[in-house]
Ligand code: GLN
């Protein structure tokens, strides 16, 4: 574990959050780092101090974490982290069961599931935190994507993956695809929800265009830290514009 930086609020803090970015070296593409930046900045603007930690293979996991974020990666990145992920998998599953909020994008979403069968038929095992399995398809599913979700309204992002994910009975989808392909291009599901964990294919970055989801993760994190969620009203005009532009663009 390394400390990347600490943000402190301008006034007296309402609380303090420890945010952990999983595998930033190998799993961090198509702007996924933006998710971490949004969480850290919004937490600060809502009045919470943030300590941002990162974890790469072979390091020690921190003892206390309130929010965990991980990005996507190529098959080669997934190969580099897979052994380490299997080692920390039991701890991550315990944390998820305890209600720790997590956001796993694309390649990490696949490995939070039961595994990913590559285009060459090789299995990269996952940790089974999410009841899902992924098999590489023939082509790639690429472009802007819009979902309807129960908790966050319309969610907008950008997908780029070969994996076709099928959810098992233990996972609910994050949302229903309105434009785009989502988990597999056939059953209209996108992503997965279990406990306070969100797995999704949406890059973009996801959270700058979806502040409702960012604030939901922060609220769960503050509660998990045993503090009160008392947010400020923030001006999301730029996020609204970015959402509108992304939704208006054809694939
Ligand atoms: N390698 C995986 C796939 O193509 C994940 C890609 C990603 O994380 N963007 O399905």
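Glycine is no exception: its Cβ is also placed from the backbone N, Cα and C atoms.
Long-range Cβ neighbours of residue 106 (active site, nucleophile) (same chain, at least 6 residues apart, Cβ-Cβ under 8 Å): 29, 30, 32, 71, 72, 73, 159, 160, 161, 200, 201, 203. Per TrEMBL, the feature active site, nucleophile maps to 106.
Residues or ranges marked as active site by TrEMBL: 203.
The substrate binding site feature in TrEMBL is assigned to 140. Around residue 140 (substrate binding site), the C-beta neighbours below 8 angstroms that are at least 6 residues distant in the chain are 160, 161, 162.
For 22-210, the entry in TrEMBL reads domain 'CobB/CobQ-like glutamine amidotransferase'. Mean pLDDT across the domain 'CobB/CobQ-like glutamine amidotransferase' (22-210) comes to 97 in this model.
Note on residue 203 (active site): other Cβ atoms within 10 Å of its Cβ, all shown chains, come to 22.
In the three-state DSSP scheme, residue 106 (active site, nucleophile) is classed as helix.
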